[in-house]
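Enquirer: Sharing a structure here in structure tokens format.
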Amino acid sequence: MHEMSVALAVVDQVTEAATRAGDVTAVRSVRLQVGELAGVVPEALAFSFELACAGTLLEGAELVTEAVPGRARCTPCAHEWAVGMPPRLTCSGCGGTHTELLTGRELQIVDVHWEDGGPTHAPTREPISEER
Amino acid sequence: MCRVVDLRQAVLAKNDASAHQLRAHLAARGTAVVNLLSSPGSGKTALLERELLRARQRSVPVAALSADLATENDAARLARSGVPVKQVLTDGLCHLEAGMLAGHLDGWLPDDTRLLFVENVGNLVCPASYDLGETLRVTLASVTEGEDKPLKYPTAFGLAHLVVVTKTDIAEAVEFDEAAFRANVEQVNPGVEVVLTSARRGQGTGVLLDRAMAAADGVPVHSPVMARQSHHHGHTHADNGHTHAHPEATGPMAHTHP
Ligand SMILES: Nc1nc2c(ncn2[C@@H]2O[C@H](COP(=O)(O)OP(=O)(O)O)[C@@H](O)[C@H]2O)c(=O)[nH]1
Ligand SMILES: [Mg+2]
Ligand SMILES: [Zn+2]
Ligand SMILES: [Zn+2]
Ligand SMILES: [Zn+2]
């Protein structure tokens, strides 16, 4: 059960982002993408998340998880398929093994809903990610 | 007011960054890490005892770090080989993380170490998600665990560079179906090598050491399909390696992938 470690990492990163933003007073919800092959059980994560949030800026925050199905493509024959669980990563079209995994390994914080002391105007989506 | 803020951050970004950093740091001093994953009791310690002895006979400087929830028995067994051994008690934590490993190596790992074997916590779920900065990831299963183990734990077997079957001396007694096991491994990790071993009889021992030495020498390791999706920080690494600075990394974290 590493869902607690995962939950703590989420709380950590959201807290850091909120601290950088400055005047965040409360976090309402956190949206996570969880790939089918990420090795995380969403129910266990939700439980751990509630505990991990206690006593932090995220106290009471809702965790919204988006499941991402695993998809793969065969490089030689271009066949594309849902890998399923347990995953089939050999090509179901030609039997080949030169497979590209397109989706399914995601374990990512997508966005966060928070309250801040800023001026009241229409909600904006502001990218604060360093990766952009 | 209420705001929606895009973060787009990998949850395990910190561990990944620590792993990248540790890998680069160890590579610079000529050390490669071998990360061993299996269920409790699969025979990691028994096989490792054999491999460490053999390394010593071949004068390869190796060391071993064993992580356990609570007991120190493994280190005592491994230390009989005469190589440097460290026991890490995780105090209930079900996996090792890269930052923890780096902390344990600091001040302990001898400078000239060529290979560091890490016996991860016995568990096929959690350790699979954490890159420890290893050069070779090995997932083990004993013949007693059933042929469908790779399907039950797809990330552990799907992310392995090498799969090791242990306890083949009792394969017949438990009617281990090797072909079925291999087919299941192939389903989740096409192309990965499967090695059969018996620490008790000495069958297949030395292969792990050979593969680890080859990886440490820079021979490309198997590239699992599951590891090929854009890893956490959002880019794929070509098989032949590349150099880049990660957006989240500054200075020392800019790195070369083997
Ligand atoms: N028959 C047989 N038993 C083994 C072999 N390797 C390990 N064992 C036994 O399996 C049990 C667990 O082994 P251990 O190395 O402690 O497993 P670990 O928990 O993965 O480190 C011990 O009782 C070992 O004696 C083997 O090659 N053959
Ligand atoms: Mg052990
Ligand atoms: Zn766990
Ligand atoms: Zn195909
Ligand atoms: Zn990278």
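The first residue you see is number 1, and the count goes up from there.
Cβ atoms are placed via backbone N, Cα and C, with glycine included.
I grabbed these lines from TrEMBL:
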- A:HIS2: Ni(2+) binding site (BINDING)
- A:CYS74, A:CYS77, A:CYS91, A:CYS94: Zn(2+) binding site (BINDING)
Enquirer: Measuring Cα to Cα, how many angstrom lie between A:CYS91 (Zn(2+) binding site) and the residue listed as 'Ni(2+) binding site'?
Expert: 31
Enquirer: Which of the binding-site residues A:HIS2, A:CYS74, A:CYS77, A:CYS91 have a Cβ less than 8 Å from any Cβ in chain B?
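Expert: The binding-site residues close to chain B are A:HIS2.
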Enquirer: Could you say which of the binding-site residues A:CYS77, A:CYS91, A:CYS94 has its Cβ with the most other Cβ atoms inside 10 Å?
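Expert: Most Cβ neighbours within 10 Å: A:CYS91.
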Enquirer: Rounded to the nearest angstrom, how far is the Cα of A:CYS94 (Zn(2+) binding site) from the Cα of A:HIS2 (Ni(2+) binding site)?
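Expert: Cα of A:HIS2 (Ni(2+) binding site) to Cα of A:CYS94 (Zn(2+) binding site) measures 37 Å after rounding.
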Enquirer: Which chain-mates of A:CYS74 (Zn(2+) binding site) that are at least 6 residues away have a CB under 8 A from its CB, listed by sequence?
Expert: A:GLU80, A:CYS91, A:GLY93, A:CYS94, A:GLY96, A:HIS98, A:THR99, A:GLU100
Enquirer: Using the centroid of the Cβ atoms of A:CYS74, A:CYS77, A:CYS91, A:CYS94 as reference, list every other same-chain residue with Cβ within 8 Å of it (recorded Zn(2+) site), in sequence order.
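Expert: Close Cβ neighbours, site residues excluded: A:THR75, A:PRO76, A:ALA78, A:HIS79, A:SER92, A:GLY93, A:GLY95, A:GLY96, A:HIS98.
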Enquirer: Measure from each Cβ of the binding-site residues A:HIS2, A:CYS74, A:CYS77, A:CYS91, A:CYS94 to the atoms of ligand 4 and list the residues where some distance is under 6 Å.
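Expert: Those binding-site residues that pass the cut-off, since their Cβ is under 6 Å from ligand 4, are A:CYS74, A:CYS77, A:CYS91, A:CYS94.
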Enquirer: With every protein chain in view, what's the tally of Cβ atoms within 10 Å of the Cβ of A:HIS2 (Ni(2+) binding site), excluding that atom itself?
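Expert: Excluding its own Cβ, A:HIS2 (Ni(2+) binding site) sees 27 Cβ atoms within 10 Å.
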Enquirer: Which of these binding-site residues (A:CYS74, A:CYS77, A:CYS91, A:CYS94) have a C-beta closer than 6 Å to some atom of ligand 3?
Expert: none
Enquirer: Could you say whether, by DSSP, A:CYS77 (Zn(2+) binding site) belongs to a helix, a strand or a coil region?
Expert: coil
Enquirer: So, three-state DSSP: helix, strand or coil for A:CYS91 (Zn(2+) binding site)?
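Expert: Reduced to three states, the DSSP call for A:CYS91 (Zn(2+) binding site) is coil.
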